[in-house]
């Protein structure tokens, strides 16, 4: 029977061979962490390679995602549908083994990692979801939600600020099922880290309230195993500090940055094989090694045992069992569509001139009563973002049965934690901050879009309408940057009806994130027919039309729709034929068929004006070079909002005069 070291060496061999064949990649971390991975995956990780979606599996996250050959090797050896040919195709076009682990490619990859610090933060979200789902569904004698979240991370993850945001909150919330392994190898791309990373990491994590196990020999299986056992027994999140040698097994490059991010080279790989006693050719794993690694039988037995537990739970609590299945499968409640549409119709029939942030809260109130899977939150701005509703109950370390997370001032951490919650399953996460501060969180929203996971962000205080707080808090280019992100759905509604439609579609959207952008100031509700209400979902629609063919089209979003309508009324009174198009979601409009887009924006009507209190340049796509844009070309100013709108040209007079110049 192969020794544990020999089993770990299988990871080392596959990792150095995969990087060498691709002629790019990072062999150092996989070779350094192979012993830890062998102990965790063969001795502790509850998973089933034949069903990577098993609801109560342990989650494993490789936060130092550049070491991707580590997880690819583990998945292959354990029996997942990842062949040796897939490993040979490492970093190649359309392979299941891209340079950094990507969710949705290889089975068993729980999240896309690579931007350092986000993996550990996703893992915090997964651990929060596990604890909340357990609190909501487990009954005495029936622990149907009971799994750990394990994460590997390196020095780079800990240097990134997001690791502070996430790990601080994890300690506060007592996430005892979260176990992190710090790959303390002292090396980063630039060399030995003591010149730029001299933190006392164990004390840092003790200060967060974590259980810290220091100075574990990362190449000693017994020490690693003992640390994991101690971690599992402690009610706090655990940091296991593993001292490792980067590139372990490479005689001439281990312990240095030379093996961090480049192939070892054929000569050094041969030397490593000799040093490790690994006598097999590249990509060849002997049968006895495969046999020891294969987790399919054990995984199937573990899942079968859980299925029996769930059957007993379902017999005792049939309603809860059905609800658990619905939520884990990501299905919306029965009659959702009918009830949601009625809510929207009622809003149209009962006009209210309110801020769209208040309209958002009203939508939460209406929809939330149907959605126990809601998991809300805000980055310490709940009274401003209006993200709490009557059914909101805050999560606390001692009581995780609620549905609202106080993230504190942690925009980046919040957004990446929400990605983890969404990836775990069982919840529809929403979070919030001022639109300006989405900048802190932009990369986590990009990751949500890349992974195609549901992440609903409420961004309030959406323009110079914020007023006196000034340009540090007034967004200008942020809406455009969200719209330009692939697979991001971005909504800027003009009233309570568009706001409710935006919320409904964000709740229904399972294949990507949604940015819902709301105003601080009150907005007038617009009259609409039932057909117009239905057309809101198309992202752009005719709100007010001319008698006969229009000679001018005004396109507006959010708070500027009311302005466009008033300007159109004045122009119409002067004999102009003016159409007003409300375009709350350009991405949704762009997805409509050509016939619909042409019906809203006829190509032969070139006199067009776009009006939005955001960066002007975005709108040339819709108005053309012959059109005009009333938008922002500079940062804002500190002053009352009404003065700012006048100063920057968001007035009926300016729209009317611009229209007359265009039509002259």
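Numbering starts at 1 and runs along the chain as displayed.
Glycine too: its Cβ is placed from the backbone N, Cα and C atoms.
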Swiss-Prot records 185, 187 as Mg(2+)-binding residues. Which of 143, 146, 155, 217 is assigned to the same site?
155
Swiss-Prot has 114, 115, 116, 156, 185, 260, 437 binding thiamine diphosphate. Which one of 47, 66, 76 is in the same site?
66
Minimum Cα separation from residue 116 (thiamine diphosphate binding site), reported as the residue among binding-site residues 155, 260, 461 that achieves it:
155
Name the one residue among 384, 411, 461, 469, 520 whose Cα is closest in three-dimensional space to that of residue 185 (thiamine diphosphate binding site); these are the recorded positions.
411
Please identify which of 411, 469 has the densest Cβ environment, defined as other Cβ atoms within 10 Å, among these recorded positions.
411
Distance from residue 26 (substrate binding site) back to residue 66 (thiamine diphosphate binding site), taken between C-alpha atoms, in Å:
6
Between the binding-site residues 26, 66, 260, 520, where is the Cβ count within 10 Å the lowest?
520
Cα proximity to residue 114 (thiamine diphosphate binding site), best match among binding-site residues 260, 384, 469:
260
Tell me which of the binding-site residues 26, 115, 437, 461 ends up closest to residue 187 (Mg(2+) binding site) in space, Cα to Cα.
26
Which has the fewest other Cβ atoms within 10 Å: 116, 187, the binding-site residues listed?
116
Near the Cβ of residue 156 (thiamine diphosphate binding site), how many other Cβ atoms are there if near means within 10 Å?
20
